[in-house]
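A short write-up of the structure that comes next.
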Amino acid sequence: MLLALLAIFGQALLGEATPRQPDERFYLTTASEIAASGTLSTAIARGDGGGGQAPVPDNYIPPLYPMILAGLAAIDPGLRAAMDCARAESIAGMRDAPGPCPEAGFRGLIALQGGLMALGLLGAFAAFRAMSRMAGEAAGERNALAWPAFSWAAFGVLLILGPQGRMAASPLPDGPALAALMGASGLFMQALLRERPLFWLAAGAMIGVAALLRPSALYLVPMLVPFLLLRPGRRWAAGWLALGLGLAIAPYLVRNMIQLDSPAFTGGYGGVILAQRIAFDLMRPDEWLAALVYWLPDFGDSLAAALFDPESYRRLAFTAPDGFYAIGNGPLMEAARARLEADGGESLTGVLIRDWVLERPLAHLAATVPLFLRGLWVGQLAGLIALVLAVPMVIGLARRGAAAGLCWLALPFLLLAGLHAGATINIPRYNLGLTVVHAAIFGYWIVALAGAARRLNPFAEGGRKSP
């Protein structure tokens with residue numbers, strides 16, 4: 001519990017509000033609409049409506065996070081003022097430009113996110129403990145206790161010093177979504193260890209909560225099911241996991257069916273982010289090679305400048321007027337919408353998959369590789385160091401037959417990173433859950449180095465004897 005309190009304190013200290021971003025204004029505006037009318041409607045946030053007409057319900061994003069903001073605003077006047085100001089900015093057409101709204105008023109949000117993170121830390125410890133127990137005797141009795149303990153400590157440090165702590169004051173759903181994924185990870189790992197239906201049901205439900213905060217988590221269960229079906233005699237677990245997910249999201253799907261005549265989880269948002277992603281399929285071979293370097297954390301852009309011609313990495317930048325991100329939001333999006341209107345279809349996502357992804361599947365697969373790597377660099381250099389340390393760690397554990405726990409711990413987060421790389425621009429903040437895996441890697445090496453030092457210390461019990 002001390003670590004949980006430190007995490008809250010660290011987030012309160014480091015969680016200074018940052019200048020308003022378009023995504024932040026989007027969520028604040030949507031929450032303001034819920035607080036004012038009780039309706040989940042993103043029309044004003046998307047710039048499709050003014051302030052005079054009645055809100056039209058939609059399913060552009062899941063409802064849980066804007067509902068949390070709206071509820072918190074009822075007891076936090078500062079947050080309510082920021083929400084109303086963001087709504088006014090959106091009505092004025094300031095969707096992509098900085099606005100005059102104050103950057104204060106998020107202390108209640110910091111406290112809420114700190115509390116959720118403390119609960120998530122309990123889930124993370126349950127995951128680390130199950131991971132260590134799966135390793136069994138091959139990991140050693142001392143390591144069975146020390147590995148989860150040091151992993152948990154490393155996780156707390158990463159939460160405080162990494163981007164997660166600094167984003168605690170940001171009205172984006174990343175913090176609550178990370179807490180939900182931490183809880184889901186703990187329940188999933190305990191379900192693998194205990195093999196009880198209730199744990200599988202709870203794990204699926206917690207994944208559903210994460211999906212109501214970040215839609216991509218919805219696909220985690222379908223991606224996990226094939227791996228669960230490979231376990232002889234325990235295939236029933238996949239059914240309980242899917243049932244838990246269904247129970248968690250059922251009220252939202254029923255709402256969509258009643259108000260929108262469609263049970264679709266989201267509508268419209270997926271096509272927008274997919275168009276942004278498909279633009280990167282246009283990379284030339286030299287741009288593809290440059291992307292492997294340019295998107296490395298911290299030093300990638302300067303290293304790319306030393307190794308490549310500027311034309312090889314110029315379009316990789318978000319700010320480039322003719323960059324891939326601008327192409328996805330501009331010409332490619334317009335072409336896809338024109339094709340949608342001409343065909344009389346109903347789904348922008350469907351048109352993009354049919355006429356772009358399936359037309360050039362190899363190009364899409366190739367572009368997914370550097371985008372996948374970019375998403376791994378959570379915490380900048382911490383992510384890169386963790387990946388380097390993971391290679392000898394996995395090899396060593398596999399030789400002792402003790403790698404299963406770590407592999408199961410990492411599997412959900414790597415699957416999500418792969419999904420994000422194939423369907424989104426996959427910036428690192430989409431994959432904050434990888435911090436759980438990074439912490440397990442750092443915890444392992446802390447224990448390993450401590451054990452090596454103990455063996456080399458001639459004064460330690462069982463250490464090397466002096467001549």
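Including glycine, each Cβ sits where the backbone N, Cα and C put it.
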61-79, 175-193 - the one TrEMBL records as transmembrane segment: 175-193
Positions on the same chain near the transmembrane segment (401-419), where near means CB under 8 A and six or more residues out: 127-128, 130-136, 138-139, 181, 184-185, 188-189, 192, 216-217, 219-220, 223-224, 227, 368, 372, 375-376, 393-394, 426, 430-431, 433-434, 436-437, 440, 444
Averaged pLDDT, computed only over the residues in the domain 'Glycosyltransferase RgtA/B/C/D-like' (172-248): 93
Seg_contact(the transmembrane segment (144-163), the transmembrane segment (371-395)) with at least 3 CB pairs under 8 angstroms, min sep 6: yes
Helix, strand and coil totals (DSSP H, G, I; E, B; other) for the domain 'Glycosyltransferase RgtA/B/C/D-like' (172-248): 66 helix, 0 strand, 11 coil
